[in-house]
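Notes to accompany the following structure.
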Amino acid sequence: MNRLVVRRTLYSNHHQPKCPWKRGFCSGGEAAAAAPASSASSGQLNHIINQKDGSFAGDDQPYDLAIVGGGMVGMALACSLATKPLTKHLKVAIIDSNPALANKLSIKREDPPDPRVSTVTPATISYFQDAGAWQYVQQHRHAFFDKMQVWDYTGLGYTTYDARDVYKDVLGCVVENRVLHSSLLSRIEDTDVQKTIYPSRLASMIRYPSSSVKADDNTREASYIKAGLVKLEMSDGSSLYTKLVVGADGAKSQVRNLAGFKTTGWNYSQNAIICTVEHSVGNHTAWQRFLPGGPIALLPIGDNFSNIVWTMSPKQASDLTVMNEDEFVKAVNQAMDNGYGPHPKSNFSNGSNKFSFLGGNLTMSTNESFEVPPKVVKLASKRAAFPLSLMHANDYVAKRIVLIGDAAHAVHPLAGQGVNLGFGDAFTLSRIIGEGVAVGTDIGEVSLLRKYEAERKPANIAMMAVLDGFQKIYSVDFGPLNVLRAAAFHAANYISPLKRGIISYASGEQRLPIFP
Amino acid sequence: MLLFPLPHFPRFPIYSCSSSATKRRGTAMAAKLLSRLRQLDTRLISLQHQRPFFRNARLFSGQQIPSSDSHPSLPPTPTPTPLPPPSAGSAGEKRQRTSSLKDHELAKFAAISDTWWDSEGPFKPLHAMNPTRLAFIRSTLCRHFSKDPNVPKPFDGLEIVDVGCGGGILSEPLARLGATVTGVDAVEKNIKIAHLHADLDPTTSTIDYVCTTAEKLVEEGRQFDAVMSLEVFIINISVLKISDSRLQHYFSFRSIHLVATSIHVIEHVADPAEFCKSLAALTRPGGAVVISTINRSIRAYAAAIVAAEYILHWLPRGTHQWSSFLTPEELVMILKRSSIDVEEMAGFVLNPLTGKWLLSDDVSVNFIAFATKKAEG
């Protein structure tokens, strides 16, 4: 991996250090190093502490925020902070060794779609619109879908969801991850926020407890000065000080490990295969069929392409990954169509049915008959498989550290909610930071961060519980349970208030399921 | 045998008005805040048998009442308090403020500073209430001084004095909001702690902490745009008495307007009327005064004294004297006598389920008042 030189362009403004702290800690006057000893070159960690007066050298003024991990969720946080008047003055450091951050990749329309896609819910779309990043997403390939059909292999029932059930236009939008990422980056470039990108990996993190007074003499005052800060050291030797560390570095979060957060979770004994496929006709519906090994989902990406997410046992996954393309296409068509079991019977009853007493207008989709998904014509990308697991950090915040996105929680992809939870975290955290700045709080204060945790934790846990419940229920093939699931399909299809509740919850508009 | 003392009417002539608007819901944890503050300074054993004012003086300052011939400009010397760590070398520290901290001082104050500033520690209710009162202060001051509230530093250019700043819990956010803050407290220890903590952040290290009282500031002729009096420990009665007869108006020596806040102090002050006169003298014409305290209502009695001190033991018994609480009407009248007009008032209400403080119209227990001084001419 290339170790790029740490970019210090933004530091030229700070070369004349203003050190108001000197007055408090100058013993014996200002004799101590009138100017910082060396203009900081990376790798000289000690020169900071050895300064007699303990103040910071010009290049190492502390940051307000350090976002570890420059993925979609980390950049969403940075973008949201950069576009709000209360927070755009915050100095942000972004630590990620991905070269895409430093040199933006241009994505052309003619490129085949990347198999890594995400379904963004309307709630996430509105966050993006508020931040002004959605306009950039619209310049690339993206696909809104307004219908969704869910059924299983037993052929006993199916459910169709329509956006018009909740009087909306779309149920969601499927966008490639790289498109989301680059549109967030473009929006950040638009603003004049002070940010620095550190293209390396985080190596260690030191928090200075305010009451610790260390043993050796010349660092005592220095370590007290740093009491309100966290020191991050990178693998290429550079280091920085910051008031708040945001861990947005994914499921194997280094920040989470270094900070010692405990997690709960388990591995699903399932792998997911993702790939892009092509149809002969356009596809504007999301299809999901629960098979004995796991669900297969077909999501429209636009331009006759669709994305497949197929969950199955690891052995089957490796078989399917290596088989040749035509066989794979055939397997996919079978899985979506006639394989494993019959089609469910369409319901041809007219408007009234036995559940109409539950009130509310009947949803439009009740009358829709079962449709067979469009056939896959060819494979348009490589197949990739990855293992699935559930993970939830027991705490999201500690003093001066907060976790967002996959670093805090990882879920099963069966409902496309994972990254939406992450975006919810990012935009909520940015709003809470704004509220903190409005009343002059130190943004690393744990009481402020707890507000974020109190808002996101219940929502995340509820969603994870629902998804985990689905995953468990559908992983068992047992007669009475199959009938129960079929009843559930029927209930969701015909009981309109329930259907509306499900759609609202999955769209991110409701915090908890069932209770509006 | 009574379990707790009955409420009794005030001993000093506060003009009593009927406090009719007090039958509203609310719980007050203001008492809880002060309890923690008390515990920091002194360990209270039993104060049942002492006279209230003397008791208050001992309570909050841990100081001896200086004799009348003490030099008025020196800060009163604190006696060694029974709090750990024992006051080693406390005498030598008094003279210089904090310009060159010795190591052992640093250690000692750093340890105590943690208690003040640990938002989950003994001062948790104070920290919990802080954002709410800052929200009130921010909105009222921005409106009064016509500042834009949507910027990170709306108080740029305002000079504020925090009378009774304690550990600086209010002063630091005010400084971060751009104000030039002077923190005043009669207890030297608090000033040291506040100074130490404020130095951690370059934005707050500009706060000027002074160990003095409001009266002494008036004597020095200082004036501020806004005077804050929230949660203070004031306390040296004889100093108050000496100086209250000499309220002179000097020329203000700063050209920028200043603001002063005085929150949760006034129920502990010996003579609220004189204290308010001092606050008024500290305010420039056209400036603002923000005062927060506890109402003298039956509900406040139940919450702040019975519940907090006797049932839940959040406060040592005798911390609050119900008779020295002020009703909103009394506060308004006292301020009016010093030519300060109360413009807005709000109550603090604690939601016991979420532990969050909210601003509300219910002033029956804790309340905060925003007042202005008439501009000259």
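Using the three backbone atoms N, Cα and C, a Cβ is placed for every residue, glycine included.
Here is what TrEMBL records for this protein:
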- B:64-101: region 'Disordered' (REGION)
- B:73-87: compositional bias 'Pro residues' (COMPBIAS)
- B:92-101: compositional bias 'Basic and acidic residues' (COMPBIAS)
- B:Arg133, B:Gly164, B:Asp185, B:Ile263: S-adenosyl-L-methionine binding site (BINDING)
- B:Glu267, B:His268: Mg(2+) binding site (BINDING)
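This view paints the features noted in TrEMBL onto the structure.
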residue  : record                               : DSSP class
B:Arg133 : S-adenosyl-L-methionine binding site : helix
B:Gly164 : S-adenosyl-L-methionine binding site : coil
B:Asp185 : S-adenosyl-L-methionine binding site : strand
Note to self: Applying a 10 Å Cβ distance cut-off over all chains shown, what neighbour count does B:Gly164 (S-adenosyl-L-methionine binding site) have?
What the structure shows: 31
Notebook entry, point to check: Which residue, of the binding-site residues B:Arg133, B:Asp185, has its CB surrounded by the fewest other CB atoms within 10 A?
Noted result: B:Arg133
